[in-house]
Ligand SMILES: O=C(O)COP(=O)(O)O
Ligand SMILES: [Mg+2]
């Protein structure tokens, strides 16, 4: 039997929305319940897909602007959105094919794993548990864990510190330019999945080291 190739990484940081779980249905339900409660028009999925990835604050502000609502509604919208999201989290979402297998393969090769998302940490931990993915991760950090979110490199640098690895030894796996820019600025190698949410742009445009169609393709040449 041939021995497996030595991997250049000691750990991997994996994004959540658009990388491990297709959550656009959850965003759709929470946002449109929020808009209805505020007496605002509904928003379509295409807009939501283009806009997720920079955290809830950004999504809510952009949604209010898109439907022509008064920006002063932000505080009420934020509170309603949190309440609605908590009540539906995971109900309209599905794990992408190859994700459990890909995570398992990385762990089997001895990598430490972190989930790093711009989603609030409470919702991220709950979603991972509901989808049976929580057991793969040594640490989970949400968008409210640090002073700044991706595409700032700070969350990646702090996650590497928590994992006890250097950025050069730590692979970032994501679906968007936010993940790619953060990884480049932090000094992490970066692989993007093709199927997620990248603000309507092809993932190749942000210049990742590699693009894959399934997470379990990561360890294949
Ligand atoms: O913007 C979000 O809430 C989702 O972000 P993520 O792609 O970093 O998981
Ligand atoms: Mg993402």
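Glycine is no exception: its Cβ is also placed from the backbone N, Cα and C atoms.
What TrEMBL records for 15, 17, 175 is Mg(2+) binding site. Here TrEMBL flags 15 as active site, nucleophile.
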Cβ-Cβ distance under 8 Å, sequence separation of 6 or more, same chain as residue 15 (Mg(2+) binding site); the residues meeting this, in order, are 115, 116, 117, 150, 172, 173, 174, 175, 176, 179
Neighbourhood of residue 17 (Mg(2+) binding site) by C-beta distance under 8 A, where only residues 6 or more apart in the same chain count
23, 52, 53, 117, 118, 119, 175, 196, 197
Residues close to Mg(2+) site centre defined by 15, 17, 175, Cβ within 8 Å
16, 18, 19, 20, 53, 117, 174, 176, 179, 193, 196, 197
